[in-house]
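The feature active site, proton acceptor is assigned by Swiss-Prot to Asp89, with sequence analysis given as support. The annotation active site, nucleophile is assigned in Swiss-Prot to Asp264. The substrate binding site annotation in Swiss-Prot covers Asp89, Ser90, Gly91, Gly92, Phe93, Asp143, Gln187, Gly214. Annotated Zn(2+) binding site per Swiss-Prot: Cys302, Cys304, Cys307, His333, in sequence order, evidence recorded as sequence analysis. Per Swiss-Prot, the feature region 'RNA binding' maps to 245-251, 269-273.
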Amino acid sequence: MKFELDTTDGRARRGRLIFERGTVETPAFMPVGTYGTVKGMTPEEVRATGADILLGNTFHLWLRPGEEIMRKHGDLHDFMNWQRPILTDSGGFQVFSLGDIRKITEEGVHFRSPINGEKIFLDPEKSMQIQHALGSDVVMIFDECTPYPATEDEARKSMQMSLRWAKRSRDEFDRLENPNSLFGIIQGSVYEDLRDESLKGLVEIGFDGYAVGGLAVGEPKEDMHRILEHVCPQIPADKPRYLMGVGKPEDLVEGVRRGIDMFDCVMPTRNARNGHLFTSEGVIKIRNARHRDDTSPLDPKCDCYTCKNYSRAYLYHLDRCNEILGARLNTIHNLRYYQMLMEGLRGAIETGTLDAFVKDFYTSQGREVPELVD
């Protein structure tokens with residue numbers, strides 16, 4: 001992987017990630033394909049929304065279908081017929097989400113399979129091996145996602161163990177002679193000094209990119225912004241910056257304003273299946289009866305297949321009838337909305353008009369622009 005940085009506007013960055021399987025324009029949003037599919041979408045449909053790269057879930061793909069079946073197909077690209085770049089998370093967040101059915105030790109994590117209750121062990125080495133089998137273009141280190149809230153002492157212990165796991169991840173990645181890229185993950189909860197210590201340790205180990213983890217886990221939005229404003233300027237400028245698991249459209253805008261290059265989130269797809277549709281004027285809840293006889297498109301500013309061909313009334317009808325097509329059309333729209341937002345942000349950075357773009361984004365939704373800390 002090669003990262004090129006073209007231009008900046010304030011702290012925002014316009015560039016690209018160059019892989020053998022294709023180029024990813026940044027800032028970029030990655031749709032989430034947890035089980036090797038963006039729910040309800042074919043790879044061609046996902047690509048048509050403007051997506052350059054997908055995220056796959058190491059933990060879930062390890063449990064089902066497993067490494068053996070993946071290797072029989074070649075790798076995840078061949079298994080799901082997506083021949084463009086794929087980033088896989090390490091499984092750390094999913095293990096964190098298991099709650100009481102997992103036990104974290106220095107060696108790794110013991111847990112019971114949420115599928116059949118089988119006892120399973122996952123550690124940094126195994127995570128690297130699974131991601132190698134998946135053929136991930138971007139591999140994430142195995143870390144512990146610090147819960148929120150956490151005391152500073154709890155956050156410190158978690159972060160320091162994640163640093164030790166980062167070194168083990170790096171060593172195993174190198175032992176496997178994996179030709180792809182490995183990203184470190186900055187932890188430290190809402191404590192700036194711990195974030196500093198985490199980043200310093202990761203840079204000493206050396207990675208191809210740096211992710212900000214442990215945010216969007218319940219902390220106030222102000223804390224997320226504060227941590228990003230503190231951490232981003234310290235990340236090596238020649239490396240991509242990835243904000244994990246984020247987020248709402250306004251979170252993408254605010255992340256870009258603070259120097260983030262990459263995002264992922266299930267929100268556009270999950271919300272689509274629940275009838276919450278993102279538009280240039282805010283969220284439309286298509287299940288609301290007001291849309292029953294509305295012949296207008298979801299968003300006249302959107303160029304997606306759904307908006308060009310169907311009315312709000314039709315989408316309301318499909319949802320009321322529990323038709324699969326409704327969830328698919330909603331997903332196409334939400335994914336395209338996210339990609340159009342990223343296209344707009346990239347264009348604004350290129351032309352030095354990011355402030356105007358951000359103001360218009362919030363004004364069109366009747367909201368105030370959040371302030372940046374100098």
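Residue numbers in this text run from 1 along the chain shown.
Including glycine, each Cβ sits where the backbone N, Cα and C put it.
Across the fold, the C-alpha of Cys302 (Zn(2+) binding site) and the C-alpha of Asp89 (active site, proton acceptor) stand 31 Å from each other. Through the fold, the region 'RNA binding' (245-251) approaches residues 93, 215-217, 224, 263-265, 267, 278, 337-338, 341, 361-362, 367 of its own chain, all at least 6 residues removed from its boundaries and within a Cβ separation under 8 Å. Gln187 (substrate binding site) is 40 Å away from Cys307 (Zn(2+) binding site) when you measure Cα to Cα.
Note: the CA-CA distance between Ser90 (substrate binding site) and Cys304 (Zn(2+) binding site) rounds to 32 Å. Confidence for the region 'RNA binding' (245-251), expressed as mean pLDDT, is 97. Taking CA atoms as the reference points, Gly91 (substrate binding site) and Asp264 (active site, nucleophile) are 15 Å apart. Outside the region 'RNA binding' (269-273) by six or more residues, the chain places 31-32, 38-40, 327, 330-331, 333-335 with a CB less than 8 A from a CB of the stretch. When secondary structure is read from DSSP and collapsed to three states, His333 (Zn(2+) binding site) falls in the helix class. Sorting each residue of the region 'RNA binding' (269-273) by its DSSP state yields 5 helix, 0 strand, 0 coil. Separation of the C-alpha atoms of His333 (Zn(2+) binding site) and Asp143 (substrate binding site): 34 Å, rounded to the nearest whole number. When the recorded positions Asp89, Asp264, Cys304 are ranked by how far their Cα is from the Cα of Gln187 (substrate binding site), Asp89 comes first. The two recorded residues, Gly214 (substrate binding site) and the residue listed as 'active site, nucleophile', show a Cα separation of 14 Å. Each residue of the region 'RNA binding' (245-251) gets a DSSP state, and the totals for helix, strand and coil are 3 helix, 0 strand, 4 coil.
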